[in-house]
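Straight from TrEMBL, the features:
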ACT_SITE  Lys91  active site, schiff-base intermediate with D-ribose 5-phosphate
DOMAIN    23-223  domain 'PdxS/SNZ N-terminal'
Amino acid sequence: MEEDGAVTVYSGSAITDTKKNSFSIKVGIAQMLRGGAIAEVTTVNQAKIAESAGVCCLVVSEPKGPGISRMPDPSLIKEIKQAVALPVMAKARVGHFVEAQILEAIGVDYIDESEILALADEDHFVNKHNFRAPFVCGCRDLGEALRRVREGAAMVRTQGDLSGTGSIVDTVHNVRKVMGDIRILSNMDDDEVFTFSKKIGAPYDIVAQTKQMGRLPVVHFAAGGIVTPADAALMMQLGCDGVFVGSDIFNCSDPYKKVRAIVQAVRNYNDPHILAAASSGLEEAMGGLNLNENRVERFVSDENY
């Protein structure tokens, strides 16, 4: 393993096909999104709003509806690419390498192998080294993140609840778990890394590199329940490089103002005065109760004592 960090994880001939971007190039392309917010959009109008609000990238997805969730319509992706000047990402089902081939053929900048869509293959992920476009993959712990990097993911997304409830609790839990395991790994004796790699089910060379760097070897975003500027700043202060924002954020009277506030929060996450200004005058981020019965503490009335 060389000394250049993340961009030298892979140096074998297996991924040196000149027709494909090397892993180091794809990691570098993904690093261009650091410090930004990525917005999920389902229409050209939403894409234009997100662009004007300052997001760094767009994720194109199909409108939510009943039935199997699949890759978005290629014609929609082409329309959005023609309408905006931002990098465009699109979702493919886990293990569905043909959907990924189609997305690459129509010129998307990034491919999101998304667990929120219906699974195409329960046992295998796409071999991302076979593609020129950088891949984004989700994770919920450090072992899963590093396994996706071994498969060729140039960006990792630590995710929580992606169902659109607006609850951030799972995202916070998973981000803290990833960051906590990295801190444990960083303070570990070199002789203990072998056992730690086996415990989390990740390749030793990438685990060793993570220890050396003190962070994930690729760009690390957070997703799930991020609907307010405070949510976005929380993820950044916990150590993420950026955030994904779901399309539900456009379901309000002034979506530009809300998206812009989150972009400002990501850029100024350590300044509470700017965060206070960004959070002012926004509608209720999500309607309804975000906690289920198991998370609600029940209080007994004083009349019963």
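Keep in mind that glycine also has a Cβ here, set from the backbone N, Cα and C atoms.
What you are looking at is a predicted structure, and each value in this text was computed from that prediction instead of being measured.
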Worksheet item: For the residue listed as 'active site, schiff-base intermediate with D-ribose 5-phosphate', what is the tally of other C-beta atoms lying within 10 angstroms of its C-beta?
Response: 24
Item to complete: Take the domain 'PdxS/SNZ N-terminal' (23-223) and average the pLDDT across it for me.
Response: 92
